[in-house]
């Protein structure tokens, strides 16, 4: 697509019109060298065939830009009894080039009629001309054929009447149900359009670049309410007792942000400092669980308005807990929808982790009101500009608004999580081509979200928080109500200097940042766009290899590949053409100051000012790279940890544990060396570091347990219970202490009970018995609920009682804990019953099926059961979840990513190949095959070492 609207050849009138009227919000440049009519006339045989057998006049997946929408007028009438809806719309469009057809998106809609009026027709109230409608479902497009060619630079009004069933899944305009305390099932209608499902609710230009205003009217029964992006203006009484709600016209926005709901929910409301009304909606029986969300939403909205120096532009903000919701939440402008467990908080059954999750998701979605809604990416290849920023802003906002949640200490795990994905060759660049609806859905992954956030955090550390904040404010203000791309962000970050700032390479530092390290940066003359292109336009993560030679540090960078060893024949090919501009940081035994250097070459040398005993790179794990220390580097750091680990920052200790075990997977560090590093953990007081060490040891335990390698399983179990006995024994069974104290408690006790630690089993059994005897009325501390339920689920009586309580519970947090516990049963018939209930979607909602299959597959007794179910029911699963959607990807990865034998690899490969059009092209399949291969290599290389190390350690 062209970079500037100046490239358009318009007459003087159109140039003026675009500049004065459209440019502040939308000025779409043609992506084609000739008009659609010219292309069609030149070679009509190259075009597809519509459903009626006629030639469909458009053959691209992307819509032509000769006609652009300015305003939609929508009238929707859902029937919650017959579960369908009828609707009509008028779209005001601007014709930029003469054409005889208009191409729109439409999916599963029955078009009843379509007509067209010119500006003159509208002015003189002339009836519209009927249009011929052609449909091409393969591209989810319709063509409106006009009798006479539409004239360039004029506006027209397109009127369409249509109808459809409310969707059965979780996309478009769909139905959702909930049960009241009295056992009644009630139905609501709700929308979820991102990324490409607005076309399931109304014919539209369903691409993010086509921003427009929306005026929405909804018809409903009096027992329901209607919600939409904007406040309600008025309600009109219609014949037959129906009501018609009219909503204010929206600001200019993309179709995927349009939202409306018809429901019978109740709400609690508050007001932000700026006067914006904030409301939390939920089903009536769950109203009491909305109060924490209201507190958090008001506080976070106040924060963002201040931080971005831009007022939230709408008069109200509604947050709604939806009973059936596939993802965590959706940032519809002014009407944010959530899965119930992402918004509701029950003080009795919601744990510390639940509270952190709810707060984090609210922070994420509110950040989208600026990043994504106010400024939107041009196309889905840059979805990271929405999602990476929203994830990054979770960190920034929660550090200020909820410091007691200590979110800063958990952000490193955001980066560690995506490194597992990004270190595979099947990864993709942050900014990646996406054309089809399935490819677009697959872009919503850890790379776009987490890696996006991590490189932004690294860039913030590089530029300084002050400079970075100025840059993003500049970016948001410049592109308000418009679309942006990668380069626009780098330009904004490079051009926000104030008087007196030091400048270099287009970016700036305030006087307060003029340290020796900063001056070294300035001498590097870094070009920000060039630097960040190495992080967004190529996949993967760099490995920085450090070797200390006297008072010099020899640095080398290469691509870090998990599961590919340097001696493997493909290693060299996979390294070709990879080079990053890495803003490395380090500290030494001689100086705790943070030293900085930009590694732009394959090899480089850094001179130290004085002799040092050790050096630690990637200070506070703020950089997105792995570090390997050659020579005596690792031995020096292991000695340091054992002698006085507090000489390193807590996040540096966390980073060392992570990097060490990642390097084992790449064959760069021996497993015994990494395990030796964890010996200091008995003295560790930083809980994130302690939990990271436990995480890897538990991972190894589950791996050998699944493979039934009994001697290693027993020895590792013995080691865990022996080595971490002091930590286990000091845990209480109460909800007390800091956030990290409570997360340590739940993690350690959960592992101890999983390992059949007698005191843990005894205490959990005691609490479960008391809970059953109280008919579920006993309040068990929320942080240990999962543990107590999991132990209780091991008996038939306990399992059955938990299933009964699952049906009765009004707390989504409690239902999640019960469902997890039920999936830990050792009885396969019980596990199969659970999965069948999940497929049925009544007792266990379909939205929870993916999680259920994931947790069942983690159970050694359920791993093959879950996998067999997926193979046998793939077609049925695709009827419930869209191809490429997060639930489908979770189901595939959850049931196969733990496989570690060649037979399992072959079985999975054959299944994937058999799917063909039903999914064989999905990126997740390549990820899984590579993951299983990595697991196989890990065991082959490291099992003997693990066995030997354990024998010398217990």
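Each Cβ is built from the backbone N, Cα and C atoms, and glycine gets one as well.
Keep in mind the model is a prediction, meaning the values are calculated, not measured.
When 184, 194, 466 are compared with the substrate site residues 328, 329, 330, 331, 332 in Swiss-Prot, the one appearing in that site is 194. Record check: Swiss-Prot places 364, 368 at the Zn(2+) site, and the matching candidate among 340, 387 is 387. Your range for transmembrane segment, going by Swiss-Prot and the list 8-28, 29-49, is 8-28. Swiss-Prot marks one residue of 79, 873 with the annotation N-linked glycosylation site, and that residue is 79. DSSP assigns residue 753 (disulfide bond) to a helix in the three-state reduction. Ranked by Cα separation from residue 415 (disulfide bond), the recorded positions 113, 194, 329, 399 are led by 399. Of all the recorded positions given, namely 329, 330, 415, 753, 760, the one with the smallest number of surrounding CB atoms inside 10 A is 329. Per-residue pLDDT, averaged over the topological domain 'Lumenal' (29-954), rounds to 95.
Neighbour density for residue 399 (N-linked glycosylation site): within 10 A of its CB lie 14 other CB atoms from the protein chains shown.
Shown in sequence order, 331, 365, 367, 371, 372, 386, 389, 390, 391, 393, 449 are the same-chain residues outside 364, 368, 387 whose Cβ sits within 8 Å of the Cβ centre of the Zn(2+) site. Annotated substrate site 194, 328, 329, 330, 331, 332; additional same-chain residues within 8 Å of its Cβ mean position, judged by their own Cβ, are 192, 327, 336, 337, 338, 365, 368. When the recorded positions 332, 644 are compared by the number of other C-beta atoms lying within 10 angstroms of their own C-beta, 644 comes out lowest. Among the recorded positions 113, 364, 365, 387, 399, the residue whose Cα lies closest in space to that of residue 332 (substrate binding site) is 365.
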